[in-house]
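Look at TrEMBL and you will find Thr117, Asp177, Asp205, Ala206 tagged as S-adenosyl-L-methionine binding site.
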Amino acid sequence: MAASIRLLARRIVRDAFRTINSSVSVRIVSSSCPSNLSACRCFSDGAADKSTHFGFETVSEGEKAERVYKVFESVAQKYDVMNDAMSLGVHRLWKDMLLHVMNPQPGIRLLDVAGGTGDISLRFLNYVRSQQERVARRTARANQTPSWQEISTSYTTPTEGIEMETEARESRAVVCDINKEMLKVGKQKAESMGVSSGLSWVVGDAEELPFDDDQFDVYTIAFGIRNVTHIDLALQEAVRVLKPGGRFMCLEFSKVTNPLLARLYDAYSFQMIPVLGEVIAGDWKSYQYLVESIRKFPDQETFKQMIEDAGLFSVRYHNLTGGVVALHSGFKL
């Protein structure tokens, strides 16, 4: 309830601020979102008049939100297959690097925004459980020859206390995405992998997250922030929902630093990726948008400055595969 009230208050203040800045008189209008886009935010006339980019096209902000939604609704069923095909499987290494840099400990609460089919969250839970198993094995080896006192203590310690401590230290991941079709595919994938504990799925907008303040230890957004209409608002929301000391991590396509690699990358992107999209997913246009949206996203230093402007500290980035992808990280103090 508190989250809903805060969300409504933020929306009212934000819409009023935009109206003043754009000098547009706001009038009450009926919903302009298609009926099948129930998760999509509806925009006032003022927002619709403001332009932004959809790939290389210039469109209204309202139109971009709708078209991005339709892109991912269209590709949801083949999304994971296309990721493997487009990157030749390298996206798995990029995501593994994110987890390696994060190095989550037991008890961490993760918010995986634009989490789609749950790749990051599933890796996160697997990483934490692997760590716990490693610690348990080390403990078992260390206790192979326990003393009589240790044996006596193990018999007298209530098992309930051990179970409560384990439960308290259980890590949890929340996959949040505006697209219901992507979440549906993600749920099916998690079920097929036998993963249910510690994982939840929430329909939500990166610009207006349906969570209270100071809720999460880590916020991740992987290959999603370039699709957000207002990146600055998404970053502000990341800061809001992170706990003090929490970490923001963004994995996104960026600017290639090597000129030769840049030429090869551009040739592959524009000539091959839309073709793969047509052959595998039956959707040329969505993957043409993907390629174009990458070129419209800010470079590493510009995005770093945007993260700092949002209020995060110790912001750094690592280039992966020569800058094809960058991993940005920052902390909330």
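Backbone N, Cα and C atoms are what each Cβ position is placed from, and that goes for glycine too.
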Legend entry - For Ala206 (S-adenosyl-L-methionine binding site): intrachain residues, at least 6 apart, with Cβ closer than 8 Å: Val113, Ala114, Cys176, Ile178, Ile221, Gly224, Ile225, Val228, Ala234, Glu237
Inset, instruction - For Asp205 (S-adenosyl-L-methionine binding site), list the number of other Cβ atoms lying within 10 Å of its Cβ atom. - result: 22
Legend entry - Set of same-chain residues at least 6 away whose C-beta sits under 8 angstroms from Thr117 (S-adenosyl-L-methionine binding site): Ala76, Tyr79, Asp80, Met182, Val185, Gly186, Lys189
Legend entry - Cβ neighbours of Asp177 (S-adenosyl-L-methionine binding site) where a neighbour is any other Cβ within 10 Å: 25
